[in-house]
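Look at Swiss-Prot and you will find 108-131, 216-239 tagged as NADP(+) binding site, backed by sequence analysis. If you look up Swiss-Prot, you'll see G181, G183 marked as K(+) binding site, on the strength of sequence analysis. The active site, thioimidate intermediate annotation in Swiss-Prot covers C186 and is backed by sequence analysis.
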Amino acid sequence: MRIEEDLKLGFKDVLIRPKRSTLKSRSDVELEREFTFKHSGQTWSGVPIIAANMDTVGTFSMAKALATFGILTAVHKHYTVEEWQAFVQGASADVLKHVMVSTGTSDADFEKTQQILSQNPQLKFVCIDVANGYSEHFVQFVAKAREAWPQKTIIAGNVVTGEMCEELILSGADIVKVGIGPGSVCTTRVKTGVGYPQLSAVIECADAAHGLGGQIISDGGCTMPGDVAKAFGGGADFVMLGGMLAGHEESGGTIVEENGEKFMLFYGMSSESAMTRHVGGVAKYRAAEGKTVKLPLRGPVDNTARDILGGLRSACTYVGASRLKELTKRTTFIRVQEQENRIFNSL
């Protein structure tokens, strides 16, 4: 047993210090970025925000809606091969440019993903997603995926430390997904005692990945647009959002009605709800590590997307970053004990 004494920080522990700026307007800020990925050699440009690969976020409808903003969607892994084919046939090239195919690490997952990619070569991203990216089996699967799909951009996660980030990149991942336990409907930290404050994880993993020519995704922990700005400021190349995009018309959750008001169910992918839906229940050897919540219906996702992008542009103007790429270079975090005036939060 050992104890690390250095303090680890989450988004709530810091604010971004404002700096002098020559920007006259938020409209002067360029949020699009261009990346050429280490292993695939593919080049992509767009707004580096990703809708999470959750049942009630990463849907085909969400992908079509967010592509109009240049935002990516990691489509959840539970669509069939036939559903994928129908979606691809009816989607424009611009939409497909912003779509990731998600997969687990079982043999069945591999075969299904192989079929989807062979039938739809326009799809360029594969997101290999497990809750715990520290297993040897996971590293081996990433290497197998790289060998099978050499020209696809591969995302692998989740991890929270630099050495594992490096391991995944060296095994064939172009992008590493960072985050254990920060999600709004994730209970891993309280069920297992395992986790890592998200901002520190992002800072440390970004340093490791960038040293090898890879990228990272900050996955989880964002509750408001300011958190998205902090993730980018900490060095994240992409930011993945779940709860902030849940509850919309495009989210795909079950709608329930209580006392005349409609709500949409949103649940973690390791929750009892998810496991009951996809594998018939929680296995005897494990515990659910997610929860289910009811969200008031929020209408189309367009307004939320604009709010997030507007907040991000504003953050850039406060530190004088004319492009999103410059935000991390212009960011100085200050430690704080308060974030906002909460006097009217209960109203």
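Backbone N, Cα and C define each Cβ position, glycine as well.
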Relative to the Cβ position of Q114 (NADP(+) binding site), how many further Cβ atoms are located within 10 Å?
15
Give the three-state DSSP assignment (helix, strand or coil) for G234 (NADP(+) binding site).
coil
Which three-state DSSP class does I216 (NADP(+) binding site) fall into?
strand
Count of other CB atoms lying within 10 Å of the CB belonging to V126 (NADP(+) binding site):
26
If H, G and I count as helix, E and B as strand, and all else as coil, what does DSSP give for V126 (NADP(+) binding site)?
strand
Out of A108, C186, I216, C222, V228, which of the recorded positions is least crowded by other Cβ atoms within 10 Å?
A108
State the three-class DSSP label for C186 (active site, thioimidate intermediate), counting H, G and I as helix, E and B as strand, and everything else as coil.
strand
Between the Cα atoms of A108 (NADP(+) binding site) and C186 (active site, thioimidate intermediate), what distance do you get, rounded to the nearest Å?
25
Could you tell me which of these binding-site residues, N120, G181, G234, has the greatest number of Cβ atoms within 10 Å of its own Cβ?
G234
Any idea what the Cα distance is from the residue listed as 'active site, thioimidate intermediate' over to V228 (NADP(+) binding site), rounded to a whole Å?
18
Rounded Cα separation (Å) that holds between G234 (NADP(+) binding site) and G183 (K(+) binding site):
18
